[in-house]
Amino acid sequence: MVVDVVVEIPRGSQNKYEVDHETGRVRLDRVLYSPFHYPTEYGFVEHTLGEDGDPIDVMVVMSLSTFPGCIVRARIVGLLEMRDENGIDNKILAVAADDPRMDQITRLQDVPAHTLKEIAHFFATYKDLEGGKESHVGGWLEAEEGERILRESQERFAKTQH
């Protein structure tokens with residue numbers, strides 16, 4: 001399944017940006033308290049609503065970084081189970097559909113094992129120095145689970161529009 005992902009945070013950034021969904025503008029939420037940087041492009045799929053009340057989160061693996069607000073066509077390859085201080089915070093893992101270096105990655109097993117470890121480590125520890133915030137990483141699940149979560153979030157969003 002290929003989806004359009006709106007990038008909020010480029011790979012390599014220590015700035016956590018968020019799109020203000022009322023104005024459509026990108027806002028600096030905070031600078032990370034830790035010396036870490038985002039290991040992937042990080043954004044969301046429009047017209048979705050996750051269990052945390054925000055659009056569904058998507059991490060996009062690609063060979064180069066983009067910029068906040070860039071729309072990237074991304075192929076879903078997995079899901080990272082997560083919880084934070086507010087509850088369930090699962091993140092879909094995808095690869096850039098228009099990056100020829102990602103053509104061989106069509107399922108979770110195709111993603112280099114070390115890349116998966118880096119991503120999980122980042123999300124397990126990036127909030128450690130922030131008071132009152134926490135992050136817990138579960139396991140990796142296959143693309144079908146990510147696609148299911150995406151469909152559920154689209155249905156949840158549609159129900160709020162009536």
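Cβ coordinates are placed from backbone N, Cα and C, and glycine is handled just like the others.
Keep in mind that TrEMBL annotations are predicted by a computer and have not been checked by a curator.
Taken from TrEMBL, the feature substrate binding site applies to Lys16, Arg30, Tyr42, Tyr126. According to DSSP, Tyr42 (substrate binding site) is assigned to a strand segment.
When secondary structure is read from DSSP and collapsed to three states, Asp52 (Mg(2+) 1 binding site) falls in the coil class. According to TrEMBL, the Mg(2+) 1 binding site annotation covers Asp52, Asp57, Asp89.
Asp57 (Mg(2+) 1 binding site) falls within a strand when secondary structure is assigned with DSSP. The annotation Mg(2+) 2 binding site is assigned in TrEMBL to Asp57.
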- [ ] Round to the nearest Å and give the CA-to-CA distance linking Lys16 (substrate binding site) with Asp52 (Mg(2+) 1 binding site).
- [x] 18
TODO: Mind giving me a neighbour count for Tyr126 (substrate binding site)? Other Cβ atoms within 10 Å of its Cβ, every protein chain shown.
DONE: 21
Open item on the list: Using a 10 Å radius around each Cβ and all protein chains in view, which of these binding-site residues has the most neighbours: Lys16, Arg30, Asp52, Asp89?
Closed with: Asp89
- [ ] Determine the Cβ neighbour count for Asp57 (Mg(2+) 1 binding site): the number of other Cβ atoms within 10 Å of its Cβ.
- [x] 23
